[in-house]
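Undergrad: Take a look at this one; I'll ask things after.
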Amino acid sequence: MEVIILPDPGRIGSLAADAITALITRKPDAVLGLATGSSPLAVYDELVSRYEAGQISFRQARGFTLDEYVGLPADHPERYRNVIDTAFAARVDFAPGAVQGPDGLADDIPAACAAYEAAIRDAGGVDLQILGIGTDGHIAFNEPGSSLASRTRIKTLTRQTRVDNARFFGGDLDQVPTHCLTQGLGTIMEARHLILIAMGRSKAEAVHHLVEGAVSAMWPATVLQMHPHVTVLLDDAAAQRLQLVDYYRETYRAKPAWQGI
């Protein structure tokens with residue numbers, strides 16, 4: 001696990017975009033894992049800028065979202081498939097149908113989850129997955145207590161997650177769905193490169209457990225310690241609980257430019 005601490009969202013977004021640009025350059029048909037939430041927005045904005053400047057194209061690439069609310073109408077602005085379109089996918093040149101998400105309106109939820117797993121597998125797996133982290137350590141919608149080997153499935157959201165997400169629903173907790181479909185921790189761990197982004201003081205406790213804590217289902221993100229290629233991008237506020245913060249800064253300053261992330 002590589003921990004990189006940067007001073008602002010722009011720098012974080014640029015570094016993550018560098019990794020995606022390098023991937024697309026060497027593998028134009030790469031499969032990207034796309035996260036929603038506020039953490040990846042700087043990455044998406046930077047990628048859009050590079051696309052508009054003719055520096056990158058997603059014509060051959062594919063994308064898979066991490067999760068989806070159950071029961072939100074297809075045209076609801078907070079349906080995650082629509083959120084990804086607004087934030088990124090519709091702003092660049094993905095081919096029609098190249099970006100997929102779990103079907104939160106399916107009549108047969110278990111079958112929809114199995115089909116999503118099959119779609120990722122048939123695409124060759126995810127090359128690079130963008131992740132955020134919740135204040136309670138969840139990634140995607142794998143809430144505390146989730147199996148570290150879990151696959152795509154339906155989950156009940158914790159009250160804390162619903163409170164955190166109420167800001168996207170006008171602050172009305174009653175409008176936040178209680179259930180979701182989410183890639184499992186086992187599914188996420190099969191991506192070849194994971195880039196997790198965390199910013200702000202509210203994420204500091206979760207980041208502390210993610211990087212320096214024991215692997216535990218109570219802090220689901222800690223499973224990433226077992227992955228061979230994880231990059232954690234933090235701002236100063238999110239890094240403030242880390243015991244080895246000076247070491248992480250030193251190792252990044254000394255890193256050869258050719259190594260990338």
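Glycine is treated like the rest: Cβ placed from N, Cα and C.
So Swiss-Prot lists the following for this protein:
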ACT_SITE  ASP67  active site, proton acceptor
ACT_SITE  ASP136  active site, for ring-opening step
ACT_SITE  HIS138  active site, proton acceptor
ACT_SITE  GLU143  active site, for ring-opening step
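Could you place these features in context, so I can see how deep they sit and what lies close by?
TA: Around ASP67 (active site, proton acceptor), the C-beta neighbours below 8 angstroms that are at least 6 residues distant in the chain are THR36, TYR80, GLY101, PRO102, ALA140, PHE141, CYS180, LEU181, THR182, GLN183.
Taking the Cβ of ASP136 (active site, for ring-opening step) as reference, residues of its chain lying under 8 Å away and at least six apart in sequence are, in sequence order, GLU143, PRO144, THR158, GLN160, THR161, ALA206, TRP219.
In the three-state DSSP scheme, HIS138 (active site, proton acceptor) is classed as coil. Counting every protein chain shown, the Cβ of HIS138 (active site, proton acceptor) has 26 other Cβ atoms within 10 Å.
When other Cβ atoms within 10 Å of the Cβ of GLU143 (active site, for ring-opening step) are tallied across all protein chains shown, the result is 21.
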